[in-house]
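Asks: These came from TrEMBL, pasted as-is:
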type	residues	note
DOMAIN	4-146	domain 'NADPH-dependent FMN reductase-like'
Amino acid sequence: MKTITVLVGSLRQNSMNRALARALEVAGKDRFRFVYADLAPLPMYNDDLWADVPDAVTALKQQLAETDGVLFVTPEYNRSIPPVLSNAIAWASKPYGENSWAGLPAAVAGTSPGPVGAAGAQIHLKSMLPVLDMLVFGQPELYVQGSADMFDDTLGTTREDTRVFFEDWAAKFDAFLDRVARQDTRIAAE
Ligand code: FNR
C-alpha cells in the first residue's frame with residue numbers, strides 16, 4: 001500500500017475536484033492510501049510568518065516527508081491553477097534549502113464543467129513541478145469534463161467507461177511509483 005498525499009485545489013463543499021479525487025481513491029483502493037492535505041487553514045504565503053511557523057504549514061511539510069507520492073487535483077481558474085493550490089505549493093517549497101516537494105513523484109488530475117477538463121490548469125501545474133524537483137507522471141492524462149452526476153461518494157464514478165479509465169490510471173501511476181522510487185533524487189536539506 002503506497003501513501004499518496006492528495007492536494008485538492010478547491011475548498012468548496014460540493015467541489016467536483018474533491019469528488020474526482022474520491023473517485024480516483026476508489027479506483028486505486030487496493031494500491032493506495034490517500035491522505036488529504038488540509039489546505040483551508042494555510043494563511044496566504046508571507047515570508048515573515050516563518051518567524052512563528054503556522055501549524056498548517058508544519059502539518060503539510062510533515063505529510064510530504066512521509067509520503068510515497070503526491071496527487072494534485074486541480075480546478076481551472078482563468079486557464080491556470082487556483083490560489084489555494086499555488087499557496088500550498090509555495091509554503092511547502094520553503095524555507096530555502098527545505099523544499100518538501102523535492103524528489104517526490106507527482107500525478108496531476110483535474111475536472112471542470114467545460115470541454116477542456118481543466119487542461120489549461122494542469123499544463124501550467126505540470127510545468128511548475130520539475131522546478132520543484134518533482135518527478136511528473138505523464139500518461140494517462142486526466143482531463144475530465146465533469147458533471148455532478150458522474151461522481152458518487154461510494155462508487156467513485158457512476159460511469160462504467162470512466163471507472164475502467166480511472167482503474168487503468170491507478171495501475172499505471174502505481175507502476176510509475178515503483179519505477180521512480182528506485183531513483184530518489186531528493187536533494188538533502190542544507
Ligand atoms: C472558473 N472556472 C473555469 N473553468 C474552466 O474550465 N476554465 C477556466 O478558466 C475557469 N475559470 C474560472 C475562474 C474562477 C475564478 C472560477 C471561480 C471558476 C469554472 C470552474 O471550472 C468550476 O467552478 C469548477 O466547478 C471549479 O471546481 P470545483 O470547485 O467544483 O472543484
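Cβ coordinates come from backbone N, Cα and C, glycine included.
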Asks: Per DSSP, what is the residue count of the domain 'NADPH-dependent FMN reductase-like' (4-146) in each of helix, strand and coil?
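Replies: Across the domain 'NADPH-dependent FMN reductase-like' (4-146), the residues distribute as 54 helix, 30 strand, 59 coil.
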Asks: Could you tell me the mean pLDDT the prediction assigns to the domain 'NADPH-dependent FMN reductase-like' (4-146)?
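Replies: A mean pLDDT of 97 is what the model gives the domain 'NADPH-dependent FMN reductase-like' (4-146).
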